[in-house]
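Student: Not my notes, these are from TrEMBL:
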TRANSMEM  87-108  transmembrane segment
TRANSMEM  120-139  transmembrane segment
TRANSMEM  176-195  transmembrane segment
TRANSMEM  216-241  transmembrane segment
């Protein structure tokens, strides 16, 4: 049994070494053929052309192994977005200082003006990313999204690949039963729009009762866009990156930067 385990480990190490050696060559080979990315089909064809007689490790295993060693990946469509933690921390510190300064100097008026500017930029950014994502060749239409939602299998067993487009889940669902979501949101939204300091402070600062009501109703209307623009785009990204990076574990925190890099940037 020990000998069998040792032999299996040796085979695994040999397969990993083969992936490390051949993958960059596979990328170079496919770039020369004007391929847009490494897929299951052209991966096997390229491997056979570069290493005849050497059976390649499965595409999924190769993708998993390569994802652990980004230094050997040249093809950017396969490389996940990584955020430098130091830059991330410094960004938080700088933004906190800037926000503190204009809040102290300008008061609530400066805060509200900044909120309006930020809201416009965020909404425009969401709409641009959504439009670019839904017009990508691999998504193309809502019908394609529905087809992916009905037929696509799970990715590494991490996220359920079906029924993502359903508005609600059955009451027997262990995570998000429609009964719990409905009753929970009723309580949550009464709090958010009626007692949340963020909203109440702005309502109390309005010039009149009519302005306060109009502001809250307008803000509520824009809230309705989020499921269609933000969540819909996230679901589209889930299926899009299943096609671009099959077998690679996707990080929800980097989905938006990946959309910016892979979908929006090529159009600029």
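Each Cβ is built from the backbone N, Cα and C atoms, and glycine gets one as well.
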Student: Other than its close neighbours in sequence, what residues sit by the transmembrane segment (120-139), given a CB gap under 8 Å and a spacing of at least six beyond its ends?
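Tutor: Contacts with the transmembrane segment (120-139): 145, 222, 225, 229-230, 232-233, 236-237, 239-240, 243-244, 256, 259-260, 263-264, 267.
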Student: With Cβ-Cβ distances below 8 Å as the criterion, list the same-chain residues six or more beyond the ends of the transmembrane segment (176-195) that contact it, or say none.
Tutor: 168-170, 216, 220
